[in-house]
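Features as listed in TrEMBL:
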type: TRANSMEM; residues: 82-100; note: transmembrane segment
type: TRANSMEM; residues: 112-130; note: transmembrane segment
type: TRANSMEM; residues: 137-161; note: transmembrane segment
type: TRANSMEM; residues: 173-193; note: transmembrane segment
type: TRANSMEM; residues: 205-225; note: transmembrane segment
type: TRANSMEM; residues: 338-359; note: transmembrane segment
type: TRANSMEM; residues: 365-385; note: transmembrane segment
type: TRANSMEM; residues: 397-418; note: transmembrane segment
type: TRANSMEM; residues: 430-451; note: transmembrane segment
Amino acid sequence: MDSSCSDERKHAEPSDVRDVDVAATLKPVSLSDEEARSLRRKIDWHIMPFMCIMITFMDKTTLGEAAVLGILEDADLSANQYNWLGTIFYFSYLAFQYPQNLALQRFPVGKWMSINILLWSVVLCCHAACKSFGALFAVRFLLGICEGAITPGFMIVTSMFYTREEQTLRVGYWFLMNGFAVIILGFVSFGVLHTHTPNFMPWQWLMVITGTITLVTAVLFWFLFPDSPTSAWFLSAKERAQAVQRIRVNQTGIENKHFKYPQFVETVKDPKTWLLVFIAGASNVVNSLTNQRQLIVSQFGFNAIQTTLLGCVDGVVEILTIWLGVRLASSKYIGRAYAGTLMYLPAILGAILVSLLPYSNKVGLLFSYWICIFAIAPFTIFLGWVGSITSGHTKRITTNAMVLCGYATGNAVSQFMWQAQYQPRNHIPWAVITTTNFCSALGLLLLRHILAADNAKRELEGRDPEVESVHVVRLEDGVEVKVDRTFLDLTDKENRNFRYVL
C-alpha cells in the first residue's frame, strides 16, 4: 500500500459530518446470527412485497399488449411510428436518468419514488385519451421520465438493506416480477378483448386498469416504503442500528446526501464503469422483444386470442430463467459472470433457430423464441452485481445512472431494427440479438477477470491495522466522535480493504 496515502489517512484532521455516511454516528450494537436472520426476515416482509408489486405493473409490457388490442388501427400507427413509441420512452429515460439519480441522493428515496409513481399512474391513464401518434408520443416521453426513478431507486434500497451476498437474489426476486406482469397483463388483455363498449377500445381499458393499480401503489409507497435503515418505520431504534451493523460487511455504507465531485470524476475515469455501461447496453438489445413479442408470435401464424394467451407463457419462462440465473449466480462455485454466460448459451441458440427454422414450423419457432428469453436473466444478475462492486454514495448513484443510460440506449436503438422490410422472418434483428448476446457474455467474463486481478493486487498489498481503525468525525455541534472506517463514504478505489465480489 502506498505509505504516503496511509500516513495521510492516519493523521488526517477530523472529518466533517457531511462527508461521512448517514449511519456514521449510530452507536454500534451487538448482533447475533439469530438476530441477523430475524432482522433480515423482517426487512424482507416489509420491503420485497412493495418492490415486487411495483415491478409487476411497470409499463414495459403494456405497449406490447396494446399492439394486439387495437392501438395500431385505432391510432392509425405505422410500424415505424409504433417503434418510435417504444424508443421515445427509453430516450426520455436516458435523458433524465442522471437528474433522477441526483434526486434520489438528495431527497428521501422512498418519497421520491412515490411521487414519480403517482405521476406515472396519471400519465398511464392519459394514454386512453390519445388517438394519434403525436399524443401517444408525448405521454410515452413523460412515462420514461417517471419510470427512470424506479430501478435506480430499488438498486439503492437493496444495497442499503442487504449484504452483498444477499443482493443478487433480492434483485432477482423483484426483477422476475416482470414475468408475472406478462402473465397478469396477458389475462387482463384476454378479458378486455371480450369487452364491447362503444367508443372505448380494449387497449384503452388496459391503460386505465393498469394506471389505476399504479395509483393505488403510489399511495402505499408514500406511507409504507422506507427511505433507509436509519429511518425505517417498521424497525425499532435498536433494530435500525442492528440493520446498519448487519450490512457493515459490505464496506459500502448506506447513503450520503451530499454530492461529492471527486467521486463523480473517479467514476467517469474508471474504465470499469464504461465496461459496465457497455454490458448494460449490449444485454438489453434483446429487450426490444418486450414491445415486439406479440407481433412476432402473431406473425408465426397465431390469431389475436391465441397470441394473447401464449404471451402468458413468456412470463412463466422469464420467471423460471431469472430464478435459475440468480440461484446459479449466488453459488460460490459459479458466481455472477459464469452464471450470466451459462444463461446466454441457450438464448443464443434460440435466436439462431428462430432465424433458421422453416417458417412453416410455427411450433418450433415458438419454442425457439421462448428459449431466447433466457437472455433476460444475465441482466438481472448484472444489476445485482453493479451495486455490490461499487462503494461511495456519489460514485454509486453515478454508476447506477451511467449503467441505466446504457440500458436505455440499448433498448432505444434496438427498436429500430424491427423494420417492416425484414418481416416476417426478421433475419437482421435476430442476427443483431445473437451478436449482442455473445458480446455481453464476453463483457461479463472480462469484468470478472478485471475484478479478480484487482482483488489479487489488494491481497498482496496487505491490510494496515491502523488504516482499519476508527476515525474522528466532527458533528455539527462541534463534538468529535469516533466512527468506524466502514462509514467514511469512501469509494471502492479509496478503500483498499474493499474486495470485489465475483
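For all residues, glycine too, the Cβ spot is worked out from N, Cα and C.
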Who are the chain neighbours of the transmembrane segment (173-193) in space, where the CB to CB distance is under 8 Å and they lie at least 6 residues beyond its ends? 48, 51-58, 60-62, 65, 68-69, 154, 158, 202-203, 205-206, 209-210, 304-305, 308-309, 311-312, 314-320, 322-323, 326, 376, 380, 383
Counting a contact as 3 or more Cβ pairs under 8 Å, with residues at least 6 apart in sequence, do the transmembrane segment (397-418) and the transmembrane segment (82-100) touch? yes
Looking at 112-130, 205-225, 338-359, 365-385, 430-451, which one has the highest count of Cβ pairs under 8 angstroms to the transmembrane segment (137-161)? 112-130
Sort out the residues at least 6 away from either end of the transmembrane segment (82-100), same chain, that have Cβ-Cβ distances under 8 Å to it, and list them. 59, 63, 67, 72, 116, 133, 136-137, 140-145, 147-149, 152, 288, 290-291, 398, 401, 404-405, 408-409, 411-413, 415-416, 418
Which sequence-distant residues neighbour the transmembrane segment (338-359)? Criterion: at least 6 residues beyond either end, Cβ under 8 Å. 286, 321, 324-326, 328-329, 331, 365, 368-375, 377-378, 381-382, 424-427, 430-431, 433-434, 437-438, 440-441, 444-445, 448
